[in-house]
Amino acid sequence: MTLELRERISLRPYNTLGVEACARWFAEARDDRDVFAADQAASHLGLPVMALGGGSNLLLTRDVEALVLHVCSSGVRVLSDDGEQVLIEAEAGEVWHPFVMQTLQMGLAGLENLSLIPGTVGAAPVQNIGAYGVEFSNVCAGLTALDRNSGRLHDFTPGECEFAYRDSRFKHEPGRWLILRVRFSLQRTFHSRLEYGPLRQRLAMQGIERPTPLDVSQAICAIRSEKLPDPKVLGNAGSFFKNPVVSVAEAGRLSREHPGLMAYPQVDGRVKLAAGWLIERAGWKGFREGDAGVHQMQALVLVNHGQATGSQLLRLAKLIEADIVERFGIHLEMEPILV
Ligand SMILES: Cc1cc2nc3c(=O)[nH]c(=O)nc-3n(C[C@H](O)[C@H](O)[C@H](O)COP(=O)(O)OP(=O)(O)OC[C@H]3O[C@@H](n4cnc5c(N)ncnc54)[C@H](O)[C@@H]3O)c2cc1C
């Protein structure tokens, strides 16, 4: 089948914030051939390609003058299995949570803490998704991407991806790399990661002393469903700001000035602050201006109550950022990708 190019398509159904923006051109890629065809079509049109997965980490503030390529490829395969370590490859369009569940049902550990994160496998490396003490980079065994500069496929090692906290090289080279498939190194033996207090407490409440990966996944799904608004009900992109990482001296100054400051020492000797705590302390929780707002229960989550535009959400984000600088001297950084 040839690639179907559609002109001027509304992206509202394709982003979890539910904001309106129009794609100049739009196509769906089900396999590598579609991706190569889209790459060529975009070159003929003189436009960039913007890969789109589940649209759960995007803030669209205007129409997108690009060929928006909705990556819908599917397929999961075992590349090797030595009885303990299993190398799995998944196509970029696989939806993340069902893929996680598939690996757990195969008896493999490694992805349980990343349960219920929206989006696709292909987008996971872009911001090095993370939750409950685990990051994508902890299980990444490499990936294959099309380089739009050379028209060639490139196999990345994890090191070449330059992963950092909610960051990778793909975030800094927008439009260059189209990720086609991702490889994961998973284990049969389970080494639980239960540093996160509420997770330990929930398992303890259930009387589970030695949890299986599935127990951990279920506990995390339950906590996440209580804590985060469902984008199908209330438009949002999850955490809107990264947690700022500061020096020990700065964290010390802040906790003297602001008793109760939530701060977590990091392995590199610095300290991660809870951005949600700063925003809540500054009084933004539940704030609403028109349809752009801050969630009632979770200050880190900006929400679209209905008809908010991307620009209105961005304006609100900028007001919050400026206020946090003024009150705490801390610069917040947005987590979703600004288009
Ligand atoms: C309720 C909620 C909870 C969330 N919780 C978390 C969380 O706990 N941890 C976390 O890290 N994130 C979280 N997120 C953010 C989001 O789910 C992740 O960033 C996810 O990986 C985005 O996937 P996506 O397919 O929706 O990407 P999209 O939003 O479609 O795209 C994001 C970026 O990746 C690029 N991209 C997408 N696919 C490809 C591809 N195949 N090749 C190259 N580039 C590509 C896009 O161009 C864009 O720049 C949450 C979001 C929501 C709405």
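Yeah, the Cβs are placed from backbone N, Cα and C, and that goes for glycine too.
These come from TrEMBL:
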- R166: active site (ACT_SITE)
- S239: active site, proton donor (ACT_SITE)
- E335: active site (ACT_SITE)
- 18-189: domain 'FAD-binding PCMH-type' (DOMAIN)
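Long-range Cβ proximity for R166 (active site), meaning a same-chain Cβ under 8 A and a gap of 6 or more residues, is found for Q127, N128, I129, G130, K242, E335. Every protein chain considered, the tally of other Cβ atoms within 10 Å of the Cβ of S239 (active site, proton donor) stands at 20.
Averaged over the domain 'FAD-binding PCMH-type' (18-189), the predicted model reaches a pLDDT of 97.
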